[in-house]
Structures are given as C-alpha cells and as structure tokens.
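Written below as structure tokens is the structure these notes are about.
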Amino acid sequence: MKQLLKHLLPIILMASLSSCGGGGTIASGGSGGTGISTGSIGGFGSIFVNGIEFDISGATLFRDGIQIFNDNDFELGEVVTIEGSIDSASGTGVATSVTYDEILVGPVTTAQGADPDVQPIEVLGQTIRILPSTVLSADIATMTQGVFVEISGYYNADQEIVATSIKVVGATTIEAKLFVDGVDLTTSPDEFDSNDLTVLLADLSHVTPADMVQVTAASNALAGTTLTASSVTVIVSSSPAQGTEIELEGIITSFISPSHFFVNGVEVTTDGGTIIENPAGIPIALNVRVEVEGVINSSGVLPADVLEVEDDSEDIELEVFGQIGAKIDPDTLVVQGTNYVIVLGSDLHGSSYASLNIGDWVHIHAEEVSGEYIIEELELKAAPGGPEEGEIEGTVTDFNEVAGWLVVNGTTINTDSGTVFRGPNENVIPSASFFDSIAIGSTEVHAIGAYTGGVFEADDIRIDD
C-alpha cells in the first residue's frame, strides 16, 4: 500500500495557474473567506453540498478555470469548492463563488472487467474506483478503451481515484492531476511515472518524486501508456486562513489515530466534544470517506465539531429544491425536469400526492433505486426570496451599530426599529445598550427571526451568558 504524503491535494483550496512554456507552479491557497465548503454536488435548486443549501444567486461561477453564467453547467456528483458564508444550524449558506475543476480528463486505457475489484477501469493509467453513489453519464460497459471521460472525485491513500462522477466526453485536451512516482532526467525527453502512465516533457527539472502535478496534453498525445505532455505544472498547497469555517467531504489519506488524520491533505482532529455520526459503525481508518465540519485554528488544523462517516455501499442520494412542474398519476412529481416517485414510507410531512399542486415549492430528499428517484422526504417550502423562519446562535465576529447589523457564524443579522433587544437576563434593553455590550470574538448572541434573500432579519435578539 502506498501511504501518500500529508500534502495530498487539498481540493478545498482554489488553484491558480502560473506557468508558461511547459512548466511551473500552481499556487493553491484559501481566500480567507468566512467559509469554505468542498464536496460533491448532492442536489440543485440552489446547490446542495455536504447537506448545506447554498444560495448562489450572487455567486461567481467557474468551471475548469473559465467563468460561467449558468449553474446548469454543473452536474450531480461533481466536486466543487464553495466560498461564502455557512450557517450549519439552519443548513443554509450564501455563496460568493463556486468552482469546479475536474481531477482527470482523458481516454480510457483499460476497460473495466467483469469483476471491478480485479480489473477496475483505468484512465490515463490511473485506477478509478466506482461506488454505488458514483454518478455515471453512461453505462460503464460503453466506456471502452480510447473513450474520453471526465472524472470528478478524490485520490485515496492507495493513489487511486474514487470517482464521484464520470461523464463521457468527446476527444478533447487531456488534463490530469497526477502523483509523481519517480523522475528520470537522464532520458531525452525527461520523463516521470505516475502509476501505469509515463509522462514525457523536454524539461522536468522542476518536478520531484511525490509531487502532485497538473498535466496538459493534446488529445492525440497518448501512445499506449506514454503521454507526451505540453505542460507539467507542480501544485503547491497551503491551508485556509485561521478562523475559516470548513465543510469538507473527502477521504482519509493519512492516518495517525482515530482522532488525528488527514482528509484530502487537511489535518483533522477530534475530541470528546466532536459529534460523530457513524450509523454503520465503520472504523475510522485509511481510505474511509468522511464529512468534517469545523473552524481552522491557528496551527492550520481543523478540529472537528462534527464528523460524519460515510457508507460506500449507499446508492446515489439527491436533494432538490424547486417547483412541481407536473404530476404523473398515480405517484410521480416532476421537479426541474426530473421524475420523483412517492412510495409507501415516503415522509411527506403531512402532505399527500393529492394535496400537492403544480407550482408548489418543495424540498425533496430522494434515493436512486433501479434508475428511479424514490422520495425519502418531501417538505413544502416558501417561494425563493420569501421569509423562512429560523434561529442563529453564536459568537459575534463583526458589527455596525449605526447600520444595525452584526455577523454571527458568517451570517449577517439585520436589526431595525421592530427588533426586540434583550440582555443576558432576558430583560428588554435599548438597541444602543445592546451594541455597547458587544465584544467582538467573545460575546455570544441568540437571534430569532427569518431568512430573506440570504440575510437574517432579527425579530428578537439577546446576549447570552
């Protein structure tokens, strides 16, 4: 087993290319925003990542380094990085940017055999592991040698790619994030190996073993298992800023103990205060998929507030928020062009197929079963932009008394003349006394109100003891 180094590509960090003429460095680092979420897209109607519903109406969207202007260009299962604000208590967030960058685009070099454990599919000489939850754009049997595919996912500790989505694409520029096993500078051209692939470039003096590199090549540049690259760029990683709230999905790639490990290169710790969600009782170990929530500390470590251990045997799950566009008797709702089936056991929160109407806004949790999306849970919701009741509790990180706002858990809370202000003893106090009592970084508040357009409007707010 190959135990990868701690710097295994932190996909939660945005990367910017700074190379020309065949080599260089990708500087990969956090932007210092209030929150970063990285994970596979689990639903639409906003974007659902790691169970958080992100409002992306004001976000800048990027796909493979190019700005896009339509979230329809993102697809289920693709791993994205979202920067913005996160309110874990309400399960919502407001995105300022959404970034997708595939891990691999290239031709299949070995088709999957009858037993994928014995002969998994390989793309550019890299082993691809497919799970029941992997979103496939076509039957795996059609992904034969030479077919170009685009893969999103994560490297595991065995230097295999665990795919969250695989999409068949036409022949296109080859792009790949690869680990360097060894470099030979005595050949002409220079070469390095990555699993079953050999990469050639005139000058690889900037590359060393164990580096992760971004490789670009022409669509016809692969001959057998040898790729003649047009550029090879080293990826250099750095951690998000202290105080950044993180929602991280990934794979344990380096393991010290069940309470100290690395997920996609990010150092994670747990303690007695960590909420661990592990209904299947899966041991915390190398190559286990997890979701982690927490805030980066001064050492660049992510102490986990919540750790969820994921079950690789689970099928595709999907969340969607949107209007019912049609009803197909006796049990099917059409939302955003996709059919969702109500079955015995679907939790409709008091609604029924008969009571649901075309035009209703709904939030659906569904699971793919034999090619159909079966509704596990459905809730009627207010139309977007309408108020949604909620509560926020946490430490004040910024405020403006004149404008009447404060920031808690990365969410802006607005107050006005109708807001009731309370002190620690629940007694009503003037707004001026309330704001005079705030010390940034230490004062905790509890606000009751409603979300409107991604901002929380407080009806009642108190200073907690």
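Backbone N, Cα and C atoms are what each Cβ position is placed from, and that goes for glycine too.
Remember, TrEMBL labels are computer predictions, not curated facts.
Features reported for this protein in TrEMBL:
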- 40-98: domain 'DUF5666' (DOMAIN)
- 106-167: domain 'DUF5666' (DOMAIN)
- 249-304: domain 'DUF5666' (DOMAIN)
- 393-428: domain 'DUF5666' (DOMAIN)
- 1-21: signal peptide (SIGNAL)
Secondary structure composition of the domain 'DUF5666' (393-428) [DSSP: H/G/I, E/B, coil]: 0 helix, 20 strand, 16 coil
Residues of the domain 'DUF5666' (249-304) by DSSP state, where helix covers H, G and I: 0 helix, 30 strand, 26 coil
Rounded mean pLDDT for the residues that make up the domain 'DUF5666' (249-304): 95
Summary of DSSP states over the domain 'DUF5666' (40-98), given as helix, strand and coil counts: 3 helix, 35 strand, 21 coil
